[in-house]
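Chemist: Pulled these from Swiss-Prot:
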- LYS127: active site, N6-AMP-lysine intermediate (ACT_SITE)
- ASP42, ALA43, GLU44, TYR45, ASP46, SER91, LEU92, GLU125, ARG148, GLU185, LYS302, LYS326: NAD(+) binding site (BINDING)
- CYS421, CYS423, CYS445, CYS451: Zn(2+) binding site (BINDING)
- 705-783: domain 'BRCT' (DOMAIN)
Amino acid sequence: MSQIPVADLTEAQAVEDLERLADLLATHDIAYHQEDNPTVSDAEYDALKRRNLDIETRFPHLVRDNSPSMRVGATRAEQFAPVEHGVPMLSLDNAFSNDEAIEFDARVRRFLRISPSETVAYTAEPKIDGLSASLRYEKGVLVQGATRGDGRVGEDVTANLRTIADIPHRLKGSGWPDVIEVRGEVYVELAAFAAFNKAAEEAGQRTYANPRNFAAGSLRQIDPKISAQRPLRFFGYAWGLVSEGFADSQWGALERLAEWGFVTTAPPAQRVLNAQGLLDIYAQFEVLRPTLGFDIDGVVYKVDDLELQRRLGFVSRSPRWAIARKFPAQRARTVLEAIDLQVGRTGAITPVARLKPVTVGGVSVTNATLHNGDEIARLDVRVGDTVVIQRAGDVIPQIVEVALDARPDPAPPPYEFPHVCPCPLQTPLAREVTASGQESVVRRCTGEFACPFQRVEHLRHFVSRRAFDIEGLGEKQLQAFFEEGWITEPADIFKLARDAEKLAVLREREGYGETSVANLVKGIEARRTIGMDRMIYGLGARDIGETTSTVLARNFDRFEDLQAAAEAAARALPGETYLELSTAPGVGPKALDMLVEAGKGGVVADPWPQTDDLELKIGHAVPKLTKPARAALAQRYGTWDAFADGLVAAASGAPGDDYLHLAAIDGVGPVAAQSLARFFAEDHNRQKVANLVAELDIQPVAKPKTDTAVAGKTIVFTGSLEKMTRDEAKAQAEGLGAKVASSVSKKTDLVVAGPGAGSKLKTATDLGIQVMTEDEWLELVAG
């Protein structure tokens, strides 16, 4: 994704950014909502969402059907039954400054035509950092509970929610509607969270990164008995479907919810007037925040009058009558006691700050990320310094600055990044040089498979949930088996399951016994039969993620065929000179082909010797190049001779057909193709794979059908789908052999339009493309 300011983006760059933002935010949504394991901080996530919205605002005709601005949460997990919400559970727009809070008040007034001199009342509620839930009551009795899911369809977690003491099984008092969906937040108090993590760590069990993850993971347990053992709490402060009105204002509704047995919020919501009231209450909640005993990440402002809420209505995925004013990330000062280096499975070295324990937002922090050596140098952070750390609530805290006023005297020496890996082999570290000649910020251990730290990380990746997901083989057990030499590569895991001698030794060990060993063997044997997509992902090759693994598995009938294609591609990889030319600004695939073609003759004659204008010469030598490309090439090479030699060298280093075929697979591309080829080019990788394949029954994944009414066609879904989610529609179409696109073009074969279809429907009509309703689509694919 580009870092070009939105105001400077071309339309082509905007299309590319929106596509990458959609994929990136979808990945983060799944990590946050389904896996309870966020991968970025709230601030980083909000920045991505804001860039997406800014681009869409500047280019409204480029809004994608799968735009993050149209999405709430994530699709439900398959292990829970679906629950369709009577009224969608929408998210809120965010405000990050006083100016944006004031603008919210101004927007409300403009829409309702209320003058600045008139009063508008708001309720201000603390924004609880937990997991949203909806409770359906019929005649006062709790009949169903669900998570938010994607906002329209959530997960049925009724039995789990019944275990929370704050949730009444029967409403108190009287006057409640016959049917009401009460909505709120499941959360965990900080003290209870700390106590659970401490006990789990002592028992060698999984700990959680923060209270929000803990609450989500605890509620979304298959066994409600586990949820019952967790210290979950619930605040109820909103509603969805109701059979009849029960209040005239947000404030009155909170009072009724409290009468019926719900804890609304603590500290209690407050009613404020006009824009200044919004700012004042925000300041009050910010002061209270560290004292609450649970996490809040902002204040929610809602127009108090429910009739005004009705008139304001909704826009896209959020109400016009409410907004969340987010708090900045929490900060604290502490002492940097050491800098340790962690080694990833691909050899990437990540420096981690070891800190004197400090409490930030109620959570004890002892580690913080330093990202890379360049970041350490930029901050000039030194061991012994007092540093300012920032905790965004979701990921490992980071050091944001050094408190120079507190630097010891004499000052500690500047940190020198080690030149060798911290593993016992102490192999040298290296910084890769990109094709454009720039040095990577990441240092890597050059020991590769010989490095024991990398080997352990490879094994951890192999048994991870989205790879082989072997029950009973956690990180501690894996580390112990590696240190003993029992498991040094993936195939050893399956050999262990039938090694009677080792299993007998294991049964006698403390913490194992007959049952534990039996469960371990059962978990291993259950994964001897594995899908080809999981097999590919489990290998841990660089740049080969889950999505690419699935694409590869669908394009090859057997794993052996994939390996043969990758080995052939390794013999046809592009050379460095070709890659260098391909990274020149403005040089896209077509321009690259023209330049390489010009260099194939072995000599590129100077077309205009009488001038020194290199850009002009390049334009004559390769006439169809764009002006930006000519300028970039002139700047890169400097002289005609250097340019001509570069073309000849690039042509000689052009990739062969075997590589091009692999890279041309839709969803693979050059980066993944090169990484996969280089993985299988290594002798030790091929041996490791051969050992593993001998232990497994690798199953092909389901291929898209080719004999359906839509096979080979390009489909676009637009508008609201009422009988399935957009993800379900996409999966259905792809399973039937169709390709699903996000925008309508001359290449589109069919548009499925639901209510609210806009510009895509108009474009399809203008182009004469077939359009059908959702019901017609379902009838078509059923036949």
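Glycine is treated like the rest: Cβ placed from N, Cα and C.
Any idea what these are sitting next to in the structure?
Modeler: Long-range Cβ proximity for LYS127 (active site, N6-AMP-lysine intermediate), meaning a same-chain Cβ under 8 A and a gap of 6 or more residues, is found for ILE296, ASP297, GLY298, VAL299, VAL300, ALA324, LYS326.
Using a 10 Å Cβ-Cβ cutoff, ARG148 (NAD(+) binding site) registers 24 neighbours.
In three-state terms derived from DSSP, CYS445 (Zn(2+) binding site) belongs to an extended strand segment. Sequence-distant contacts of CYS445 (Zn(2+) binding site), defined by Cβ-Cβ distance under 8 angstroms and a gap of at least six in the same chain, are VAL343, GLY347, ILE349, CYS421, CYS423, THR427, LEU429, CYS451, PHE453, GLN454.
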Chemist: Around ASP46 (NAD(+) binding site), which residues of its chain at least 6 apart sit with Cβ under 8 Å of its Cβ?
Modeler: ASN94, PHE96, LYS326
Chemist: Cβ distance under 8 Å to LYS302 (NAD(+) binding site), same chain, sequence separation 6 or more: which residues?
Modeler: TYR122, THR123, ALA124, GLU125, GLN250, GLN309, TRP321, ALA322
Chemist: For the domain 'BRCT' (705-783), jot down how many residues DSSP puts in helix, in strand and in coil.
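Modeler: So the domain 'BRCT' (705-783) is made up of 28 helix, 14 strand, 37 coil.
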Chemist: Using the Cβ center of CYS421, CYS423, CYS445, CYS451 as the Zn(2+) site position, which other residues in that chain lie within 8 Å, going by their Cβ?
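Modeler: Surrounding the site, in chain order, are VAL343, GLY347, VAL420, PRO422, LEU425, GLN426, THR427, THR446, GLY447, ALA450, PRO452, PHE453, GLN454.
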Chemist: What is the Cβ neighbour count of GLU44 (NAD(+) binding site) at a 10 Å cut-off, with all protein chains included?
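Modeler: Result for GLU44 (NAD(+) binding site): 15 neighbouring Cβ atoms inside 10 Å.
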Chemist: Please identify which of LEU92, CYS423, CYS451 has the densest Cβ environment, defined as other Cβ atoms within 10 Å, among these binding-site residues.
Modeler: CYS451
Chemist: According to DSSP, folded down to helix, strand and coil, what is CYS451 (Zn(2+) binding site)?
Modeler: coil
Chemist: For CYS421 (Zn(2+) binding site), just give me the three-state DSSP call.
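Modeler: The residue in question, CYS421 (Zn(2+) binding site), is coil (DSSP, three-state).
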